[in-house]
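**Q** To start, I am sharing the structure in question, which I have written as structure tokens.
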Amino acid sequence: SGPGAHAPAMAAPGGTLRKRRGVGEAPRAPPAEEEPAPPARPPLRPGTFWLSRIVLLRSIALLYFVAFLVAYHQNKQLIGEKGLLPGKLYLQNVQRYFKGKINLDTLSYAPTIIWFLDWSAMDSILDYLAGLGLGISACVLVTGCANMILMAILWILYLSLVNVGQIWYSFGWESQLLETGFLGIFLCPLWTLSRLPDYTPPSQIVIWGFRWLIFRIMLGAGLIKIRGDRCWRELTCMDYHYETQPVPNPLAYYMHWSPWWFHQFETLCNHFIELVVPFFVFMGRRMCIIHGILQILFQVVLIISGNLSFLNWLTIVPSIACFDDTCLGFLFSSKEGCVKDQVLKIQAKQAAGQRLPLRYGCYIRKVVNVSFGLLIAYLSIPVVLNLLNSRQVMNTSFNPLRIVNTYGAFGSITKERTEIIFQGTSSLDPNDPMAVWEEYEFKCKPGDLKRRPCLITPYHYRLDWLMWFAAFQTYEQNEWIIHLAGKLLASEEAALSLIAFNPFEGKAPPRWIRGEHFKYKFSQPGGKHASQGKWWIRKRIGPYFPPVNLQGLKKFYEARDWPYPKQN
């Protein structure tokens, strides 16, 4: 057979296809070509800090907002005209010390703009300063942009409150907020209110200023522990910390009862984070990022295990400077025209070799940034010497403006918790064994055994915090304790606003008030006391201050120029 014998068979498939299409059916059109997908956006390049600046400014603004909120709610009761330690009397004493003059020495000793205001309306001054701070910080927090003027105003306002706040503002986080806020001033352009000011890119000098701050905070905290209480070297401090810290929270109750080996592990981790990790910041970009992650995680653990004011929230802020735009890009929207998109365009121009035309102001700004760096370096000299000194001091400022400070926390750990309990009675005779003494409850500090530990961070009750310190001192060292007792005897409204429970509400004020001293311990979970709903167990140590009445305090008040409370 020849090749032609196979022809009909070879043609069959073609015939079959024609039958399937049907007679007269038009051939199918080829499928339409799909539109090409838009090119993927390039990732953010490392090494720029446009987005980092926005996150830093918002973080600083958040902390300022909390600090001014605390001030607005509590300053009048603490340092107002009828406060426990009136700010007006403090300024008058400072002025008297400097021979009645308001000069450079006076301003250096207590730098505050209140010197130039009308002291006769101290309550209004305190409210206006805190209110203005709340308004500006809220604006920066919401918008994510600021200029040097706004950030400088926030810094001056808080500096003014701190330097008239006396012992209520005597803790490390006040200086730390001022130093952090001072660095924030130089993050911003002078006038422009823009999240991405074209002619003011974030200065590497300022970014390193933040990194230098977190390095000193953590290393200082680590060294003060190693040089301080031996329990840090013996790895036993965490056996006590959760129970004896100033204001425990609910999680601290459970953390306290962790096994001994877990507490030792916590202490070792603490030493690693505070003594080793800080040096990562100088070891290149990757190690700096690891440093930032570890420090933030460490602060989060501290936040959830205690009410340490806004200290740990504030310590997170300089750690943010460890992250460039590449790291923080996930926090921002990728939509066209948004901040992240604009940063990509800026980076693309820089990659293409395009540079913004330098203005005269750009040269001035470079000079300002270099001068700022030199100032920080100069003010750091005594701080570094303090870190190297075996007699290291913590939470100290070597300059009146608190620009560069020493830091540290829990250099010593109290092994027992003691509390001052205020009690009042309507009895005519405080020594009558039949007298009924009723207890006042503070906002957050332990008192009622069945009250669950509070959770308030980053907010802060200054009176409760100072009551913790007063409990292991004497009332002679804390005269404001007796001042508070007098105000409670008079049922003064301002003082009562600092108290959670007044047992004499709706009744006549007490005739006598006394302070009792107790030792407090956490109840054992699942134990007898816990089954009764008690978070705490306590044992009376003795009297903290003897029973006092309003009439008997008159000379005490007059000797200190304190306004005598009028009974309501």
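Cβ from N, Cα, C; glycine included.
I grabbed these lines from TrEMBL:
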- 1-41: region 'Disordered' (REGION)
- 1-15: compositional bias 'Low complexity' (COMPBIAS)
- 50-72: transmembrane segment (TRANSMEM)
- 128-159: transmembrane segment (TRANSMEM)
- 169-327: domain 'Lipase maturation factor 1/2 N-terminal' (DOMAIN)
- 205-224: transmembrane segment (TRANSMEM)
- 288-310: transmembrane segment (TRANSMEM)
- 367-388: transmembrane segment (TRANSMEM)
- 403-546: domain 'Lipase maturation factor 1/2 C-terminal' (DOMAIN)
**Q** Near the transmembrane segment (288-310), which same-chain residues lie under 8 Å Cβ to Cβ, leaving out any that are not at least 6 residues past its ends?
**A** 63, 66-67, 171, 173, 177, 211, 214, 218, 242, 245-249, 251-252, 255, 273, 277-278, 280-282, 316, 319-323, 327, 444, 454-460, 465
**Q** Same chain, outside the transmembrane segment (128-159) by at least 6, Cβ under 8 Å from its Cβ: which residues?
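**A** Those are 54, 57-58, 60-62, 64-65, 67-69, 71-72, 75, 111-114, 177-178, 181-182, 184-195, 339, 401-402, in sequence order.
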**Q** For the transmembrane segment (205-224), could you work out the same-chain residues 6 or more beyond its ends whose Cβ comes under 8 Å from its Cβ atoms?
**A** 49, 52, 56, 176, 179-180, 183, 186-187, 270-271, 273-275, 277-279, 281-282, 288, 295, 315, 317-322, 369-370, 372-373, 376, 380, 383, 387, 392, 394, 406-411
**Q** Kindly state the mean pLDDT of the domain 'Lipase maturation factor 1/2 N-terminal' (169-327) in the predicted structure.
**A** 96
**Q** What does DSSP give as the helix, strand and coil breakdown of the domain 'Lipase maturation factor 1/2 C-terminal' (403-546)?
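**A** Residue counts for the domain 'Lipase maturation factor 1/2 C-terminal' (403-546) by secondary structure: 31 helix, 39 strand, 74 coil.
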